Amino acid sequence: MMMLTSLSSSLLSSSLSLTGPPPSNSNGYLSSSLPSPRRRLNPKPNHHHRNRHLSLPLLPRTSPTRSIHCSSSMPLEVSTSSAELQDSLLYSSAFWVTQSIIAWNADVVRDGSCYLYASVTAALSVTESEVEGHDFKIKLEEDSGGIPQNVIAKFPHIRDYKAFRVPSTVDAKSLVKCQLAVATFGSDGKCSYATGLQLPGVLDELFAYDGPLGAHYSEDAVTLYLWAPTAQAVCACVYKNVNSRDPMEVVQLKEVNGVWSVEGSKDWEGCYYVYEVSVYHPSTLHVEKCYANDPYARGLSPDSQRTLFVNLDSDSLKPEGWEKLADEKPIILSFSDISIYELHVRDFSANDHTVHPDFRGGYLAFTPEDSAGVLHLKKLSNAGITHVHLLPSFQFAGVDDVKENWKCVDSTVLEKLPPDSIEQQAQITLIQDDDGYNWGYNPVLWGVPKGSYASNPSGSCRTVEFRKMVQALNHIGLRVVLDVVYNHLHGNGPFDENSVLDKIVPGYYLRRNTDGFIEHSTCVNNTASEHYMVERLIIDDLLNWVGNYKVDGFRFDLMGHIMKSTMVKAKDAINRLTKERDGIDGLSVYIYGEGWDFGEVANNGRGINASQCNLGGTGIGSFNDRIRDAMLGGSPFGHPLQQGFVTGLMLQPNGHDHGGKDAEELMLSAAKDHIQVGMAANLRDYVLTNSDGKEVKGMEVFNLWWGTCCICFTPCRNNKLCFCS
């Protein structure tokens with residue numbers, strides 16, 4: 001048995017060969033080997049679907065010889081078949097939660113043993129009697145003290161796992177760069193269980209970092225910082241322009257405690273770069289060369305092929321009067337005065353012939369003062385609308401940034417078809433994956449404006465035009481709310497061209513189940529804000545939008561899949577911004593979102609999440625689906641004919657079977673109670689007379705459809721909930 005004290009640099013370097021530029025194709029970037037999912041078949045996720053969907057990892061290059069069956073509650077039992085044992089490494093059912101503790105729900109029989117294995121070159125394989133291909137083998141002992149309470153608080157879904165102690169002499173910082181596995185052996189020396197490891201816990205303990213990340217600009221240099229503690233090597237491929245096939249420079253980054261950095265020339269500004277990261281990826285069981293954008297990118301080439309070196313503090317990127325905008329914003333005396341109008345950037349002007357053709361469907365369509373759309377917004381502002389909520393306008397997948405590549409249907413042909421023809425839909429279906437329309441809930445990079453809305457997706461054009469849009473809306477009396485989608489990402493794995501974070505630190509940014517497969521309850525690739533650097537990235541991104549683009553609020557998609565602590569920290573960080581120091585009044589920025597409680601996070605399954613029932617007293621708003629369902633009847637996922645308070649329940653039957661008169665009376669009574677509470681701003685201590693004639697508090701009103709009393713979220717009216725009706 002060998003105890004690991006450090007990994008030799010020669011061992012690491014011998015397994016790598018940094019070639020610099022990525023494999024070439026027409027654009028010099030690694031193309032995706034995975035098919036693109038179809039858009040708009042389900043443009044919004046089923047927010048109440050509670051079934052767990054597993055994302056099986058890519059198979060290793062030597063395909064396993066049996067089918068894989070996943071269980072999220074029990075350890076993987078393996079037979080004595082070497083083929084079945086080898087398949088066990090496709091799973092990551094053990095958790096390295098602190099430097100000294102590995103959590104695993106495996107039993108070690110009397111006189112049995114448990115070992116941790118590491119391979120720098122990802123050569124592990126499991127036989128009946130051993131785990132072969134390892135560089136290091138470390139004996140683990142079960143810790144009778146169990147999993148520490150602070151670990152249970154962070155990872156409540158593994159509270160019942162056994163704790164195995166890692167020797168204090170082990171160099172964990174080096175080990176996490178390897179392929180890792182744990183295995184148990186019976187008294188007869190035969191392997192009984194084996195699995196890979198999930199690392200977020202130990203990564204947070206050893207590498208949590210609050211220093212600079214991304215590209216930073218000084219008078220004479222540009223410095224790159226990348227958090228990638230599991231990477232074996234990182235280099236940056238720098239390209240002169242967006243069309244350059246080969247990099248003009250390939251620079252090696254140096255690591256200090258998980259952060260890779262390099263100082264480059266000031267001439268880099270205006271150029272492009274991609275990272276080449278050599279890292280073990282659990283989805284392939286191999287050390288891969290991943291080519292990725294900077295997670296802290298602030299500019300991009302079209303379709304996110306490369307990251308742009310862009311200094312957002314440059315005066316050339318600021319519209320005239322930009323620095324004074326904080327003093328010119330519409331006045332909001334109270335969040336309870338907010339009235340929000342939702343719109344889509346493209347839809348706002350795509351067919352507005354009063355807008356210049358080059359501006360239609362983009363940011364600049366908000367800048368003319370006399371266009372039909374802007375005149376309409378002015379009327380809404382005068383009528384009391386205070387905020388415009390823009391559907392996702394960060395960099396998302398599904399729409400080509402280059403408009404010339406879009407396909408469209410000839411409208412003159414459609415106009416000649418009969419109104420009841422199915423041909424219109426058929427023609428649109430043919431081009432729906434290549435047109436210019438998408439809601440935008442396919443996030444690729446959160447911190448960069450979407451290129452297809454800019455008049456030119458290359459260079460810094462999108463930055464300037466987004467700022468002009470915000471400025472123009474503020475000048476007509478409207479504040480700007482961004483729709484942010486931090487709950488999931490569009491891509492994963494080492495090869496998907498839309499994957500970024502999962503190439504930089506594989507297995508960290510995306511939430512995984514107890515077998516190590518990605519959770520998809522949001523729709524795809526759930527993110528894990530309970531991990532320190534995921535939370536930090538979200539907060540930094542919000543500060544980027546507030547500080548660099550002066551937006552006035554955020555609407556969180558599926559906010560319930562984000563931890564409550566993340567939301568509170570984000571709100572506090574924004575609130576600390578001042579006009580005097582930061583040019584922003586952070587206290588005027590409003591935060592609200594969808595507080596649905598479902599999937600793996602339901603009932604605080606991954607920690608206290610930002611669901612409706614957990615947000616009381618935070619000042620963070622949540623949509624109220626209860627008053628909506630009570631008034632209209634049913635729910636978005638119920639029968640469309642189910643009636644409610646304002647749609648004729650009992651009074652004007654529509655033929656739908658509601659369960660009989662008694663059931664209808666109960667539904668109508670419950671709806672009345674819900675509406676009363678909703679009209680009272682969902683105050684949890686508000687006293688009302690319910691349908692039974694009893695005086696109850698808002699928090700005590702029973703939800704007939706959801707079987708819960710928790711429908712009220714605020715102790716006082718100042719928490720300002722956002723209602724959806």
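Heads up, the Cβ atoms here are built off N, Cα and C, so glycines get one too.
Unlike curated entries, TrEMBL annotations are predicted automatically.
Annotated features in TrEMBL:
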- 1-17: signal peptide (SIGNAL)
- 15-36: compositional bias 'Low complexity' (COMPBIAS)
- 37-53: compositional bias 'Basic residues' (COMPBIAS)
- 54-64: compositional bias 'Low complexity' (COMPBIAS)
- 92-205: domain 'Pullulanase N2' (DOMAIN)
- 212-297: domain 'Glycoside hydrolase family 13 N-terminal' (DOMAIN)
*Within the domain 'Glycoside hydrolase family 13 N-terminal' (212-297), how many residues are helix, strand or coil going by DSSP?*
3 helix, 51 strand, 32 coil
*Residues of the domain 'Pullulanase N2' (92-205) by DSSP state, where helix covers H, G and I*: 19 helix, 47 strand, 48 coil
*Quick one: mean pLDDT on the domain 'Pullulanase N2' (92-205)?*
96
